[in-house]
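Residues or ranges marked as transmembrane segment by TrEMBL: B:6-29, B:34-53, B:59-81, B:88-110, B:137-155, B:223-241, B:253-275.
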Amino acid sequence: MNALTVENLSVAYDKKTVLENANVTVPSGRLTAIIGPNGAGKSTFLKAILNQLPNKVGKVEILGKLFDPKSLVVGYVPQRNAVDWDFPTNALDIVLMGRYGHTGLFKRPSKQDKLLAKQALESVGMQDFAQRSIGQLSGGQQQRVFLARALAQNANIYFLDEPFAGVDAATEKTIIDILKSLREQGKSIFVVHHDLQTVKEYFDYTILLNKTILASGATEEVFTPEQLQKTYGGKLFMMQDMLGANSLC
Amino acid sequence: MLTGNLLWVLMGTMLLGIAAGITGTFSFLQKQSLVGDAAAHAALPGIALAFLLTGQKDLPILMLGAGITSALSVYCIQWIVSFSKMKADAAIGLVLTVFFGVGVVFLTVVNHSPLGNQSGLNNFIFGKAATMTKADLTWLFLSATIIIIVSLLFYKEWKLLIFDPMYAKGIGLPIEALKATLTVLIVMTIVTGIQSVGVILMSALLIIPAVSAKLWTRKLSSMLVVSAVIGGVSGIVGTFISSTRTGLSTGPLIVLVAAAIFFLSYLFSPAGQMYKYFRKKQFRKQGEVG
């Protein structure tokens, strides 16, 4: 079964088209990078798939079905700066939010929910920070807490919006190890990613995006100098100069 | 001195303070405190209009009128922000002043009408808890109790809604309905407080307990408790002073008590100034020794 099928997806903000006619199909059980230059519409693509945007047209299917948030099959990890970390709560509480969909309206989380939240926090190596208020966590720790929340939800397909932005090396390693182990369990993961140097190492599937989907497929087939040139335009030459030619591909 | 009626009035304003402390915390965390201020001012035209239409000073009817214009003002702010290029602060300022201006005009009409002299509607501007009748108090008790129960019912959902609405939507929570419920509860709190605190200062009872509580704790559950206690204490003490010194309005006194508690919190709470000062001093000492 396909994890994700997108047909003719377009999104406009204030009459300006951000995403036009995107088409892509991704099989299940892949760890997929979504890459493209700044302003290419990567976050928009993610939000449109997850039904967060009003002005979209086109068809999106997740695991063969139209997206229904209540099914809880989708675990979403937003950009870290999308929320106010001054909110009065602790790390465990945030992870427990991953269980809210299972708990149901107006009910208190059960012991089982709390246990699963603790396990999720442990799996990202944050068990010692359970009672720490979220404002006191470092950027990397906050990102781990967000991932733990999605894990606690026990979804089948995960969408992460720039999980490696501004995090320390240890956190990056923890996160990618967890994502790989999720893939081993047959789950599908989509990651909006910025660092072109790690694409080949981390991801087995790649979507190249700039206003529309320019290419998608197994990383070794898609992540080529020609395709990157098409996606990034002139900007890539500069990067290649800086990094040394061919260091990327 | 502490007559039977005063005791009930004190309990009423305490319950109002608790309700405002709770809903105020949610609206403060949602960064909607000033919307509450506008909504409170916007209750005035509703009160005056309800009186003009019915010719009676019947609290439930005045509360209904206040609720309608108050909710309308929140809707106007949201509408302006989403359909024009105006920023929220300007939209709030615009709506607050326009609604309040209209309210003052209506109130003047009321005061010039034959019934107006005895209406006592002027008390709704700054609040006069002592003027409440048994029937008025029944409405206050009922409304405040509903607000407290519903807020606790929605605790988990509002927490997620305020912290991360996108995630809330992603797991299928009805976020628009949750937002609307919170707005309705804020408006209900305002409407409940119009007679005892008054429209001008009602928002203080929504804001000050919440900001004070934030200084004492880093957990939402305890913040709600602390905020409710501060609101309740402000309500009791402010009303008590107002009723013993006749002539002083209740609203300003409740606000002054709440402000005093805020000031003490600012100085002595864990996030306050004294603690910071001593920490700094200790740190310097350690530095000298080391």
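Backbone N, Cα and C define each Cβ position, glycine as well.
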Inset, instruction - Count the CB pairs under 8 A between the transmembrane segment (B:223-241) and each of B:6-29, B:59-81, B:88-110, B:137-155, B:253-275, then give me the winner. - result: B:6-29
Inset, instruction - Six or more residues out from either end of the transmembrane segment (B:6-29), which same-chain residues have a Cβ under 8 Å from its Cβ atoms? - result: 35-36, 129-130, 132, 134, 137, 140-141, 143-145, 147-148, 151-152, 158, 162, 182, 185-186, 188-189, 192-193, 196-197, 202, 205-207, 209-211, 213-214, 220, 223-224, 227-236, 238-240, 243, 250, 254
Legend entry - Beyond the flanks of the transmembrane segment (B:59-81) by at least 6 residues, Cβ under 8 Å: 35, 38-51, 53, 87-88, 91-92, 94-96, 99, 103, 124, 135-136, 139, 143, 183-184, 186-188, 190-192, 194-195, 199
Inset, instruction - State the residues, same chain only, that lie 6 or more residues beyond the ends of the transmembrane segment (B:137-155) and have a CB under 8 A from a CB inside it; answer 'none' if no residue qualifies. - result: 8-9, 11-12, 15-16, 18-19, 22-23, 26, 59-60, 63, 178, 181-182, 185, 188-189, 191-192, 195-196, 221, 224
